[in-house]
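K.L.:
Encoded as structure tokens, here's the structure I'll be asking about.
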Amino acid sequence: MGVGDGRDQYELAAMSEQSGKKKSKNKKEKKEKDMDELKKEVDLDDHKLSLEELHHKYGTDLSKGLSNSRAEEILARDGPNALTPPPTTPEWVKFCKQMFGGFSMLLWTGAVLCFLAYGILAAMEDEPANDNLYLGVVLSAVVIITGCFSYYQDAKSSKIMDSFKNLVPQQALVVRDGEKKQINAEEVVIGDLVEVKGGDRIPADLRIISSHGCKVDNSSLTGESEPQTRSPDFSNDNPLETKNIAFFSTNCVEGTARGIVISTGDRTVMGRIATLASGLEVGRTPISIEIEHFIHIITGVAVFLGVSFLLLSLVLGYSWLEAVIFLIGIIVANVPEGLLATVTVCLTLTAKRMAKKNCLVKNLEAVETLGSTSTICSDKTGTLTQNRMTVAHMWFDNQIHEADTTENQSGTSFDRSSDTWASLARIAGLCNRAVFLAEQIDVPILKRDVAGDASESALLKCIELCCGSVKEMREKFTKVAEIPFNSTNKYQLSVHKIPSGGKESQHLLVMKGAPERILDRCATIMIQGKEQLLDDEIKESFQNAYLELGGLGERVLGFCHFYLPDEQFPEGFQFDADDVNFPTENLCFVGLMSMIDPPRAAVPDAVGKCRSAGIKVIMVTGDHPITAKAIAKGVGIISEGNETVEDIAARLNIPVNEVNPRDAKACVVHGGDLKDLSCEQLDDILKYHTEIVFARTSPQQKLIIVEGCQRTGAIVAVTGDGVNDSPALKKADIGVAMGIAGSDVSKQAADMILLDDNFASIVTGVEEGRLIFDNLKKSIAYTLTSNIPEITPFLFFIIANIPLPLGTVTILCIDLGTDMLPAISLAYEAAESDIMKRQPRNPKTDKLVNERLISIAYGQIGMIQALAGFFTYFVILAENGFLPPRLLGIRMNWDDKYINDLEDSYGQQWTYEQRKIVEFTCHTAFFTSIVIVQWADLIICKTRRNSVFQQGMKNKILIFGLFEETALAAFLSYCPGMDVALRMYPLKPNWWFCAFPYSLLIFIYDEIRKLILRRNPGGWMERETYY
């Protein structure tokens, strides 16, 4: 296999077999890379190859590297080692989406129709009325203002790739033609021989060929918090788990390594995640689907009414032009002009309220999505847990002791009086390379930053808390020799000089490491400060303790020591750590210490609240199944008494395959098994198990899990903080990133950021989301109701030929004036009592606007409001001499400018000017009547099920809204000059009271309806009227 085969081979390695067949022939094909391909597991085989095979595959000399000329050829062939930026949406397109999307389109249609109607009138008459022109201008202004507002609020942009750019290391050290040289990381090519050292970012995916104590931090990729050892050994079939592959853009924490580049740029594992995250089609938010559904209903009603009356007016003998003007009038009267602004303001208010509770919302519509969430897929590390390893248990003196893992050290403490504990603490402090960073004297011990790996940091903090300064301990026992931890012997050892006055020895050897390895090196054990022989009974006791702590998902370390005899190791003896010249066998075992990343304090309560709100919480983690299961039990994701298949098998003492999976409510799925599951099998797991943990998952699998949940009809929220979470965050209905620990990439992909990294904040978000949905329903019910008293005058004007009871300008004053603040005030309404006790809404059946809401608003309350308006209208005209029978069919003469002697019911003659003043006074009175009946409507819309008396009148904004709409109506009626500007005339005080009985009727009618609802849950009234 010669050098020339390289291209085919590494394509296969980086992209999996299928994509190897479909080589990217040109840029277009490269862009349309099959997303399903990216979702598959990384299919590398380079970690299985011997060094000889590697040399053949890549044509690289393992000591001299590639030649410069060969590297240039490969660079020309493959392009730079960089991530391809995704196509971004230009800002003007985003602006246009706000201007012409969804609800705005309805208003634009209304505006265009108004201009059209004005144009028709202008062509027909010399002095056309300006009403339609005003209406068109106002509608356009409403859309433009709210569009700009939304655009500024919604600054969610596709910066995902920008933050990936920050992950690209700037420089790389390569060996070419036998010489080491620093080059720009973008120039690294497949087959390059690269050297990395502690502190470097890895410039591409490498196959390690030699290493020296090398550890890498893979947390941004796999979610594992512990640094991972890297060596030339092939240790696992899974390329993400094996020790001989280091990944692009992860960090080398310590040691050095040399490796051959096996993939660059978009073909690296990180590149695949980047392409996956930026290429995912993001679904629409539930609220945008709801608003579209609502627009369809409103448009449907408007067009149906418009066309019906167009035909009716033609039958009644009106001309075509008049009929079209009527059609336009009816359609425009149906458009709730103020609703777009109301919805935007409601969402913004909630977003601000959530920001105060540590939830930063990037996308306004995401506010509501969280409320409809039915499944939360949560990352473990840092979200459910504190993201700091902490000593949880010790085993010494033949018993397990529990340490305090609470964040504020408020838990129980163990007995520290034993001499064995003193020895154990000394070993943990001395055989430990972690140190506190400088200048942190005032910082509490648990919050201090440490240089060193997670386990050693946990030991350092534990000993500092329990025994005082570790630094002083180390100064007292000076270190004279050390063997650092390595993966072959799995222990770390150091020799220390005992301060003068030591017992029979001047030197103490201390060792820690994998418990079984440490125990094998011991002949005695310390119990109550005294050494005794290690017999089978104690070994069994050790084994039980080790299994118990391991079963809790904890990382267990063993500790032993040995006093080196003076006759063999006198003062000044030269200890040699390379060619070991001191004993490492027959030591004295002291004890075990186990560490875990403990759950956050508020999480169990939050998980409980999710459960009572009908939300399923699934844990998805890159960590080990045992640890994941232990934390899941600790926080209540797996509740007490619920068993997995393995638990049932252990209890009944039968093989796992004999247990019926449906008997187990809980289940822990290993990423390795998930790979082999079909979509149907995954769907079954998600459907039939109520409590699920996915462990050892890869980024692609997180995405597959989210898609599985969505297939089963769930609305999914995903929390995460690593780069590995970004595809899932982007795909979820709502992605929630961590503000403190989260990587830039995850924050860009998410819709919401938890500023305090606390899972409990999500529950607050869910409550706020449900509340906004409820309150938007109430707001829409309130706004739509006044549509009926706005439309019916127009219909009677056409059918009964009466003078127009309500003009276009007055309709605008209601929709954009008096109704605005009350509708927005409903966003401040407190939650009804059952908000976190009910199941998540079903997006298919529980709509924002459903038939029942339309029936209540239009068919019931709206009709009573229309009666109130007509009652006032007929009262005023009757007082002026026109009794109802006289009004029928009078319209043609009434609107004729040249008739100045029209007789009323009593024979008085009216000029055109006088008639119009009475007509405009009627418009004003009809308008004030709507305001008065809207008082009752606003109060009944406060609740959907509870009585207003139960809910109370605590919403100050709503009370202010009631006064504001009344004051505005009075101002428009009585302010001098309004008769010219808006054709609104002052009213007699008694005309205000005509609508009061109707307002009272609305209130009583609705209170009785809600009483029946509460008395007969699920009954006819609920089925027909509960919206």
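Each residue, glycine too, has its Cβ placed from N, Cα and C.
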K.L.:
Pick from 114-134, 807-827: which stretch is listed in Swiss-Prot under transmembrane segment?
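P.N.:
That would be 807-827, the stretch labelled transmembrane segment in Swiss-Prot.
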K.L.:
Membrane-wise, does Swiss-Prot list LYS40 and CYS922 under the same topological domain?
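P.N.:
According to Swiss-Prot, which assigns topological domains, LYS40 and CYS922 fall on opposite sides of the membrane.
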K.L.:
For a three-state summary based on DSSP, what are the helix, strand and coil counts in the topological domain 'Cytoplasmic' (156-291)?
P.N.:
33 helix, 49 strand, 54 coil
K.L.:
Is it the case that the transmembrane segment (848-870) and the transmembrane segment (807-827) have 3 or more CB pairs under 8 Å, with pairs at least 6 apart in sequence?
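P.N.:
No, the transmembrane segment (848-870) does not contact the transmembrane segment (807-827).
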K.L.:
DSSP helix, strand and coil counts for the topological domain 'Cytoplasmic' (1011-1027)?
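P.N.:
For the topological domain 'Cytoplasmic' (1011-1027), the helix, strand and coil counts are 11 helix, 0 strand, 6 coil.
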K.L.:
Could you pull out which residues elsewhere in the chain have a CB under 8 Å from any CB of the region 'Disordered' (217-238), counting only those six or more residues past its ends?
P.N.:
47-48, 51, 167, 208-211, 244, 246-247, 249-255, 257, 269-270, 273, 379-381, 387, 389, 453-455, 486-487, 555, 597, 621-623, 672, 698-699, 722-725, 743
K.L.:
Does the transmembrane segment (923-942) reach the transmembrane segment (324-341) with at least 3 CB pairs under 8 A, where each pair is 6 or more residues apart?
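P.N.:
Contact criterion not met.
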K.L.:
Sorry to bug you, but what's the C-alpha spacing from ASP379 (active site, 4-aspartylphosphate intermediate) to ASP721 (Mg(2+) binding site), rounded to the closest Å?
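P.N.:
That separation, Cα to Cα, works out to 8 Å.
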K.L.:
Including all protein chains displayed, how many Cβ atoms other than that of ASP725 (Mg(2+) binding site) lie within 10 Å of its Cβ?
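P.N.:
I get 35 for this one.
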K.L.:
With Cβ-Cβ distances below 8 Å as the criterion, list the same-chain residues six or more beyond the ends of the transmembrane segment (990-1010) that contact it, or say none.
P.N.:
860-861, 864-865, 867-869, 871-872, 875-876, 925, 928-930, 932-933, 935-937, 939-940, 943, 945-948, 1021, 1025
K.L.:
Please spell out the DSSP helix, strand and coil residue counts for the topological domain 'Cytoplasmic' (943-955).
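P.N.:
Split into helix, strand and coil, the topological domain 'Cytoplasmic' (943-955) gives 4 helix, 0 strand, 9 coil.
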